[in-house]
Amino acid sequence: MNPDEAEFLGEKQFISIIPTFNSGVVHLISGDVGPFRASLPTRVPLWMAINLKQQQKCKIQHPEWMNVDQLERIKEDEKKDKFFTKMPSEQYMIEAKLLLGCASDDVPKADDIRTIIKDIWDIRMAKLRSSVNNVLKSADSYAEFKNLTVMEINSIRPILPHALDQIYRMKINKHQGAQSTTLSTPFRTSTSFSNLS
Amino acid sequence: MALHPSYAPNFYSIEDILATQERIPCKFLGNVPDMGHLNPSTLEKDLAAGTVLELPVWLVQELSLGRHSIVATELPKIYKESYREILKADACAVDLHKFNLYFYELGKHIKHFDRKGDVHDILLHTFKTRFRQIMDLADHSVSDPTVQERLETLEARLFSDAYDARTKLNAWLVESGAILEAANMVVNHKKRKRMNLDIIM
């Protein structure tokens, strides 16, 4: 999956805005949104919030987790913990990127937050890489990844399943080879994940 | 977005066809009438027992099958003891591309002739050891074309998949006006990554 596609999926997340205009309910396929009353908070999908913000028709109320204190705490936890910690949002990276991109004036201390989130991302990516490597090295029958977010899963998607698939193929052949002399073994018909990315 | 079925035995898999085209040495167990032309070093009409020839895998598979196998196979030298020792010592330092373009695919076919299972073990070992390297190469997007020349076909494909994904992700990260980036101080502070790794490992 493209990162852009992941972003598209992430944009369905609801977020609270304070509109500066009046309007009735907007009927969308995904559900009704509104009504909009000036200076009364209402919840809209992220993509709509971004769009309204770009037209200067609303103020975005940043998600609760998007403040320096909480993010610092998460970062410290992430550093200490050997495993992945739970992130406040499944799409934290997407939300952060979109909100800090177009509505940085609505987020207090946007620059600090930007830096911290990038730190968290880096730490988690480093963890991810080393654990992927460990999984392959040990190649046990299963592994558990908890608390990964959409973007992170997406980033290892093309390589991990494919590599595991290959290991599986190398392993499965041993038994077949040892059992008998027959070579016309029914291999599992498998498809590569590589082009799914 | 098309899935590409790439694994053996797949009729349409070019890689499988090419891999089974590789030759392995084998010895004929009995006389084979009228096949003398297979052995270019003799003019005799029949192929004598004991002749050692290099035959492609697809042929050997058929010949050594069944109760009356016609040939006895030997391991190609890249799967023999001495080469296995090299791979065990440090698989990452090896130029697999030079060993054989289809090291893994061929290995999967070869190991049926190897009763002891050494080939099986070395394939797994090599792949696991070198995986980290492939991942690193893909992530630290070096635009160095020589890198790929040292990878085996299967590895090269993994590499290019991972590399594509990585480039897309990086592009996504920087595309918006506001780039999420680490503070300059942090970027310049080289010890940072090592410290994090210590905690994780």
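Positions of Cβ are set from backbone N, Cα and C atoms, glycine also.
The following features are taken from TrEMBL:
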| type | residues | note |
| --- | --- | --- |
| DOMAIN | B:12-63 | domain 'DNA replication complex GINS protein PSF3 N-terminal' |
| DOMAIN | B:79-173 | domain 'GINS subunit' |
Mean per-residue pLDDT computed across the domain 'GINS subunit' (B:79-173):
79
For a three-state summary based on DSSP, what are the helix, strand and coil counts in the domain 'DNA replication complex GINS protein PSF3 N-terminal' (B:12-63)?
17 helix, 13 strand, 22 coil
